[in-house]
Amino acid sequence: MSAEVEVFCDGACSGNPGVGGYGAILRYGSAEKELSGADGDTTNNRMELTAAIRALEALSRPCAVTITTDSQYLVKGMTEWLSGWVRRGWVNSKKEPVLNRDLWERLRELTGKHQVRWVWVRGHNGHPENERCDALARRAIDAYRNERR
């Protein structure tokens with residue numbers, strides 16, 4: 001895997017559940033691509049996962065990917081919890097069905113194609129790309145609402 005790609009992603013929700021949005025930035029060398037979208041009935045965690053999914057779906061070939069997010073749910077899910085969920089048949093340590101299984105399964109499928117490193121950053125703490133992704137997600141929420149007026 002020669003291509004090294006940086007991904008920054010964030011999800012947001014106005015109400016939880018409620019209207020949600022995601023934002024992602026893909027960086028390959030000096031080139032950048034921004035992605036964003038919204039959903040009318042979702043949760044913050046679903047948008048965090050969707051941001052990473054959409055970013056990985058945008059990659060056309062296997063890459064070494066560093067994904068930076070402010071979501072501990074996403075980072076811990078992928079680095080600590082996922083293998084146990086799969087081993088236990090998609091139930092968590094409390095013997096309850098894993099929430100957002102559809103998105104976790106898609107992430108698992110997509111990350112299998114790449115060499116992925118997960119990085120957590122504190123949200124709303126001045127990290128430039130995280131702030132940009134948050135703004136993309138919030139703009140997607142606003143656009144979604146404006147389209148439905």
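Cβ from N, Cα, C; glycine included.
Residues or ranges marked as domain 'RNase H type-1' by Swiss-Prot: 1-142.
Swiss-Prot lists Asp10, Asp134 with the feature Mg(2+) 2 binding site. Asp10 (Mg(2+) 2 binding site): 34 other CB atoms within 10 A of its CB, across all protein chains.
Asp10 (Mg(2+) 2 binding site) falls within a strand segment according to DSSP. Summarising the annotation, Swiss-Prot assigns Mg(2+) 1 binding site to Asp10, Glu48, Asp70 and lists sequence analysis as the type of evidence.
Helix, strand and coil counts under DSSP for the domain 'RNase H type-1' (1-142) come to 56 helix, 48 strand, 38 coil.
Between the CA atoms of Asp10 (Mg(2+) 2 binding site) and Asp70 (Mg(2+) 1 binding site) there is a gap of 7 Å.
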